Amino acid sequence: MSFIENEFSIHKSHQVNTSIDAGQFAGSTELILITDHRTNKCRNRQQIIVNEKSENYCRNYMRKIFRKKTLYKRLPILQWLPKYSRRDAIGDLIAGITVGLTVIPQGLAYSNVAGLPTQFGLYGSFMGCFVYVLLGTCKDSTVGSTAVASLLTYQVAKGKWERAVLLTFLTGFIEIFMSIFRLGFLVDFVSGPVSAGFTSAVAMIVSTSQIKNILGVQSEGSSFLQRWISMLNDIKNIRVNDAILGICCVVMLLGMRTLGKLKIGPEAQDEQNWKHKCVNKILWFMGVMRNAMLVIVCTAVTMYLESQGKHYFKLTGNVPEGLPSIALPPFSIAPRPANESYGVPEIKGETFFEMIENLGYGLIIVPMIAMLENISACKAFGKITVRTMKIFYFFIIYFQFSAKGKPIDATQELLAIGMANVANSLFQGYRANSGLARSAVNNASGVRTPLANLYIGLVVMLALVYLAKYFYYIPLSVLGAIIISAVIFQVQYHVIKPMWRSKRSDLLLSFLAFMACLVMPLEIGILVAIGVNLLFILYHAARPKIMLETMQSVDELKFLKITPDRCLIFPSAEFVRNLILKSGCQSSLPVVIDCTYIYGSDYTAAKVISSIVDDFKSRQHKIIFFNLKPSIAQIFEGLNAQLILCYNVDSLSYELKNHNGYEDNSGNNKITNTIAVIKKDERFLNINS
């Protein structure tokens, strides 16, 4: 059933025996547009009256900001802290200590991915947690080093800690400004296929960056291909002991991960006895604490071997004890000469503007990707259960879920992460995001409120103060194994089949994003993928689907109905113009443009519509616009286009009768509302027309 038939059925119950009036049924644009203008004028006049009666605008704005509702919204701790209970405290304490012991080996490992000294991974893992306690909205989210943030830091900062800290400081402020101006909608420009390709590429690049630690070979270059070429060229210098230890650690971590998912006894917890519950809890604990347990065991063994004078493995090296001093991030890099005795290369000095120039696109890309990672993690745990989260574990970036729980305030999350990174930069920390894997551990540990981040930060601080001297003995192959076993599951191979069955062009887009991020620097690759994705969107906008139907009524009033399926804007204007003119030249029937789905337009489209109307007028060929929204009609008439507008079946029938020379001879000048519209011929034009 066409829209005109629907329109008739709607108006039938409201319009009976309406008298004929040329001014009413001729589709006068004045009536529609003046009504629309009067509505706007009325609103404007009412607004003026309200503004005249209101107080000073700035005073009202400040009063709105500092009202109680806004304060509770921007300081979420005020919402849950008054309701805090002893049960909440126990749950947060257990979860905080558990996640804290997981964050320590992860921070040490991810600093290697970022190309920074080992301690910087921990410097960025405690202050952000403290800030998130005050500003965070998601109880499961934790702030710390992630694979995505570390890899982006490496590719943008090029391994210089001064640039990395400045990047953290500036991107934190950018995120704060994004939250103030509510720019969270920018994540909508990164589609699911692009996210899947980007995430898979990150997993491959991060894994490649750690293979050098497992094999003990040299790896240089910023791209995936360059690293593999460098490692293959140096494969003759492989360290057998490190390779064996690294491979064994990867196997053990994967096995312990699988072991942590095993459960014995009945599935329902109510039917399990105390032995089943105890064993299941032990298995779960082994799965969650696998990284910390492996580091402790391997470090103890290495310490014993080193004491015996047996240097089998390549070690992490010296890690400064104590907390970093609070200071502003470096706004310049002082030149330092080379020291050949210690193998220290020469460092060239950089001014602030040179540092900004070297950071380049990273200042925009890093906050965008961080926003995707943070919001997706919050949505995952804010709206689904733990079991369902495991199913979607691989979708680390930008995944939408049905709202079953508390909705996530994206603006507040941007503010929280931005403030957290500014605080991290004051303690020489690099980028910190909300990681999905770490948040999963937090959720599974029984976290109750964001206060668990306080205990996570305290655990990291205690490790820096009391355990830093033992970090020297951690083999690099163990840290590499921890990263590889964590990111290998982020390769989203499982989305290939659904995309193939759903829309194959999305699979092509995902593959393009994957290859672009592998071959080119990560920030350039994601820009290229987003650009190609936008080109896909623009192409579809430029080639709308259009329905052509030859229709007639019981009065044998024939017309050609043309129905575009989307808005009429500059990419599609010329395509639609050629189609309408071609259809109009091939038929002498009046043309009716069904504008039901034209919800937007612009100046270019208005020029095209004006030329179409002039062309039809010169050939004495009637063209009617049916159901054109008044706001769109105003755009078209801005170029003095003489449009014939119809908004119901009666006015359309009147215009068609005028075109065919019919006159209504009924005594009381009334027209019946029983026009049965019948399709006679139908053609469907797709984008390949």
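Every residue gets a Cβ built from N, Cα and C, even glycine.
Per-residue confidence over the domain 'SLC26A/SulP transporter' (91-385) averages 86 (mean pLDDT, predicted model). Summarising the annotation, TrEMBL assigns domain 'SLC26A/SulP transporter' to 91-385 (among others).
Residues or ranges marked as domain 'SLC26A/SulP transporter' in TrEMBL: 404-511 (among others).
Marked as domain 'STAS' by TrEMBL: 561-640.
TrEMBL lists 89-108 (among others) with the feature transmembrane segment. For the transmembrane segment (89-108), same-chain residues at least 6 beyond its ends with a Cβ under 8 Å from one of its own Cβ atoms are 118, 121-122, 124-125, 142, 144-145, 288-289, 291-292, 294-295, 316, 438, 441-442, 445-449, 451-460, 463, 467, 471, 474, 479, 482, 486.
The transmembrane segment annotation in TrEMBL covers 164-185 (among others).
According to TrEMBL, the feature transmembrane segment maps to 243-262 (among others).
What TrEMBL lists as transmembrane segment is 282-305 (among others). Using a Cβ-Cβ cut-off under 8 Å and counting only residues 6 or more beyond its ends in the same chain, the transmembrane segment (282-305) has close neighbours at 98, 101-102, 104-106, 245, 249, 252-253, 256-263, 311-313, 315, 441, 444-445, 470, 473-475, 478, 481-482.
Feature annotation from TrEMBL assigns transmembrane segment to 359-377 (among others).
Same-chain neighbours of the transmembrane segment (451-468): 84, 88-89, 91-93, 95-97, 99-101, 103-104, 107, 119, 122-123, 125-130, 132-133, 136, 139, 142-144, 319-323, 442, counting only residues six or more beyond its ends whose CB sits under 8 Å from a CB of the stretch. Under the heading transmembrane segment, TrEMBL lists 451-468 (among others).
For the transmembrane segment (474-495), same-chain residues at least 6 beyond its ends with a Cβ under 8 Å from one of its own Cβ atoms are 105-106, 108-110, 112-113, 147, 196, 199-200, 202-204, 206-207, 210-214, 216, 242-243, 245-247, 249-250, 253-254, 257, 291, 294-295, 298-299, 302, 313-316, 393-396, 437, 510. Positions annotated as transmembrane segment by TrEMBL: 474-495 (among others).
Taken from TrEMBL, the feature transmembrane segment applies to 507-539 (among others). Away from its own ends, the transmembrane segment (507-539) comes close to residues 151-152, 155-156, 189-191, 193-194, 196-198, 200-202, 204-205, 222-225, 360-362, 365-366, 369, 495-496, 499-500, 571 of its chain (Cβ-Cβ under 8 Å, at least six residues beyond either end).
Residues of the same chain lying 6 or more positions beyond the ends of the transmembrane segment (164-185) and with a Cβ under 8 Å from any Cβ of it are 114, 116, 120, 124, 153, 156-157, 329-331, 355-356, 359, 362-364, 366-367, 370-371, 375, 410-412, 414-415, 417-426, 428-432.
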